[in-house]
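The domain 'F-box' feature in Swiss-Prot is assigned to 7-60. Positions annotated as repeat 'LRR 1' by Swiss-Prot: 69-95. Summarising the annotation, Swiss-Prot assigns repeat 'LRR 2' to 145-171. As annotated by Swiss-Prot, repeat 'LRR 3' applies to 173-198. The repeat 'LRR 4' annotation in Swiss-Prot covers 286-312. Annotation comment: Swiss-Prot describes 329-354 as repeat 'LRR 5'. Annotated repeat 'LRR 6' per Swiss-Prot: 369-396, in sequence order. Residues or ranges marked as domain 'FBD' by Swiss-Prot: 382-427. Per Swiss-Prot, repeat 'LRR 7' is recorded for 403-428.
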Amino acid sequence: MDDICCKDIISDLPEALICHLLSFVPTKEAALTSLLSEKWRYLFAFAPILDFDDSVWMQSPLVYMNEVHRKFMDFVDRVLGLQGNSTLVRFSLNCRNGIDRECIFRWISNVIERGVSDLDLGGNFVSNRSMPSSVFVSKSLVKLRIRTENCTIIDLEDVFLPKLKTLDLSSIWFRDGDTCLLKLISGCQVLEDLTMSDLWWDGYWNRSMSSKTLKRLTVHCSDWDRSPGSISFDTPNLVYFEYFDLVADKYEVVNFDSLVEASIGLRMRHHQRAHASYGDLVVNATNLFMGISNVRILQLFSNALEVLTFCCAPIPVFKKLIHLTVETDKDVGWESLPALLKNCPNLETLVFKGLHHRSTSKCQDTDGCLCKSSKDIRSCLSSSPVKVLKILKFGEVASYFGDEEKQLELVKYFLETMPNLEQMILHYNTRISEGVKSQLDWLVPRVSSSKCSVQLICDNAPTYPFYGGIICDNFITPAPTYPFFGDPLHGMVIPYMGDQPHFI
């Protein structure tokens, strides 16, 4: 029995299977297995997935940082050298300052030449520098992710990524703006998922996106000073669209024939907000909203409500929309919401993120807001088809006394005027007074719909970790610890690795 208990079962597994198992942990941790026995000496280096992250090494005192950087670079060089020309599935590299730039570019070129299919680059090793051109010329890449902590320049010469399906770029500066973007998209002939966040543009005023294969598009721009002159989207097979940017002067081409879900965070510039007036469009974004009017799921962020008010006329009809989420803000009015809700004839679920809004002259108009009017019942509410109304962050105080009472008044008004409501769910993460709860209980019999139920949910209720079915009330998660390259154990790994592979 003792012999069976002590038997090393894992070491008897096929070497290819062991390498596969080692690919599920960071390469630095997998390297520790080289100390187990002669058989394990090089196995970690032949894992099809390599994950190098210098942040888990930086536990040493600052005085030793140069030595740590040197050992990290030596470690990566040794692992890649041991692998030779073997096939690599995924290569992840996350580096900070102190790692030689030429070494990094050499590693990237090495894995691309070996046919890596998934490349993930992060950190600030290319800050204010151009990404090596070899990244954008690969016959094997299927997924490419570049996320840097500071701005990385994309200055493209050639783009040839015939198999790339997923492209994720963050903190990117497009040099030669529109030309660079067009070259990037046209060089990815089967691209399906494109994410571009924290974007900057060099001398760039007009933007154009055209792709017949794209299914998901996420765009977050960071240029707060310049509005684009013209934007076009020709993406007929797009299913998901997430768009945060300054509103453009015009949207010439908008082709979203297959769109199902959209999340819009458009905003006006400060001077546009200051000079906006009812009846005069600041810029014309109507074509964009017409283009997304066939969606089934729509999320509008607070600034987008202002864009609807001052940059869109008329608000289009959203015939297929069944789920609408609206983020609110104390500095943004609700002038556009009545017309929007009237133009959603099949809306089933309405979600408010907060119940904040700025009082405007339109609040007293018949259909100028959603707050309770002293004149008439809001027709956008009395004719609403909505069955489920969710209010997130209910009771959250924005900045003034009495905000909780105003929110309660709105809730009462919704319940009293929306005839098709079947469920109202109020989510709160602050303390709700007993007075509010009792008023809601009192209101339930007075709701417009006899089918409606009201549910109050606390989002910050305490949760406990489970260990073998036992609830641990006082459990404190220990901080994770990582061995750094000053550890004796890792000091043994590099010299023990040697230069010759165990197998090829």
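Using N, Cα and C of the backbone, Cβ positions are placed for all residues, glycine too.
Away from its own ends, the repeat 'LRR 4' (286-312) comes close to residues 231, 233, 241, 244, 247, 250-252, 254-257, 259-268, 272-273, 276-278, 318-329, 332-337, 340 of its chain (Cβ-Cβ under 8 Å, at least six residues beyond either end). Taking DSSP states H, G and I as helix and E and B as strand, the repeat 'LRR 2' (145-171) has 0 helix, 17 strand, 10 coil. Sequence-distant contacts of the repeat 'LRR 6' (369-396) (same chain, six or more residues past either end, CB-CB distance under 8 Å): 333-335, 337-339, 341-342, 344-357, 359-360, 362-363, 403-404, 407, 409-411, 413-414, 417-432, 436. Per-residue pLDDT, averaged along the repeat 'LRR 1' (69-95), amounts to 85 for this model. In terms of DSSP secondary structure, the repeat 'LRR 7' (403-428) contains 15 helix, 6 strand, 5 coil.
Taken through DSSP, the repeat 'LRR 4' (286-312) splits into 16 helix, 4 strand, 7 coil. For the repeat 'LRR 5' (329-354), residue counts in helix, strand and coil come to 6 helix, 5 strand, 15 coil, using DSSP. For the repeat 'LRR 1' (69-95), the DSSP counts in helix, strand and coil order read 15 helix, 6 strand, 6 coil.
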